[in-house]
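> Take this structure, written in structure tokens, and hold onto it; I'll ask about it next.
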């Protein structure tokens, strides 16, 4: 196995392990629902039912309602993440492997691809540590407050029916319930966040490898007597590579555009609510939800920006082809690639807006405006 293929496999091994723990690993062909799947579904259903009950109970008090609402937004987003079709995920993973196999035929592509995939693995590790630290904080903080200040304060709104969280027994039972529910959230969110990153980062690697392929072609065109057979084979290889990359990005957009709309919309609303709750009530869990939702919104927009930037670079690489040195019958291939590159497929927010840093800044400005309106309203 080539080194770049090892790094691609390593990027997806961590994803498969995380999702396998909670029984939702749709990246494995042999995957079948099991008792861990039942556990995960049960935790999601339990969380949604309890949150809807609490929202109904707090409907008359807007600020109390807003304290509970981020719990629902976060849980509902987790539900939506697990509704993706496994056949589309497997097809996307297969297309990725097909491109990887093609690029491994040129030895000079190896270091270029490995550098980006190493960065992808590093970013996945950061995501894992970020969510792990959030879990530890959420589970340990109530105990620390209890031991140091003598206050029984739960971070989550979830409760054990028939218990009083103000008593020692009720407090410990609720904390035990939170500890049981936490793995479903931790492994699910971490796995799916790493999955999106794992599907996007190879695009950056492959566009860089595309530039290397162009350099190879130009080097074949410069000798005094170019070998037309070698030139034709290399150009055909580039055309095929470009087509595979276009197909991959189209599949990525088809798989993620609705999910991105859901993620961006829920996190957008959640950030507004958590900021207002922090400013008005200084709720501790609102800080955690704000950090998680802000990270998700930032990460997904940055990944979309990578695709946008790399599509622009891809167009520039095609312009770098010394097309005027090509035989007349092969120039049309370059023209076709240019036409396709000028109209690239990018991941969108439900086909309503491009997923990139410009959309991210627009969302942040809108969040600031709505927060100011709501803060003024509650004064």
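Just so you know, glycine gets a Cβ as well, placed from its N, Cα and C.
All TrEMBL annotations are machine predictions without curation.
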> If you check TrEMBL, which stretch out of 63-83, 84-104 is marked transmembrane segment?
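Spelled out, TrEMBL records transmembrane segment over residues 63-83, not the other listed ranges.
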> From 286-307, 308-329, 330-351, which range did TrEMBL mark with transmembrane segment?
286-307
> Quickly jot the same-chain residues contacting the transmembrane segment (286-307) by Cβ under 8 Å, restricted to those at least six beyond its ends, or write none.
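Residues 67, 70-71, 73-74, 127, 130-131, 134, 137-138, 155, 189, 193, 196-197, 200-201, 203-204, 249, 252, 260, 263-264, 266-268, 270-271, 274-275, 277-278, 346-347, 354-357, 359-360, 363 contact the transmembrane segment (286-307) from elsewhere in the chain.
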> Counting only pairs at least 6 apart in sequence, do the transmembrane segment (255-279) and the transmembrane segment (63-83) share 3+ Cβ pairs under 8 Å?
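Stretch pair touches.
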> When you scan the chain for residues with a C-beta under 8 Å from the transmembrane segment (63-83), skipping those not six or more beyond its ends, what do you find?
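That would be 24, 40, 44, 47-48, 51-52, 54-55, 156-158, 184-185, 188-189, 192, 259, 262-263, 266-267, 269-270, 273-274, 276-277, 280-281, 283, 285-286, 289, 292-293, 378.
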> Do the transmembrane segment (12-31) and the transmembrane segment (360-378) share at least 3 Cβ pairs closer than 8 Å, excluding pairs fewer than 6 residues apart in sequence?
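They do not touch: fewer than three Cβ pairs between the two stretches lie under 8 Å.
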> Near the transmembrane segment (360-378), which same-chain residues lie under 8 Å Cβ to Cβ, leaving out any that are not at least 6 residues past its ends?
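Residues 63, 264, 268, 271-272, 275-276, 279-280, 297-298, 301-302, 305 contact the transmembrane segment (360-378) from elsewhere in the chain.
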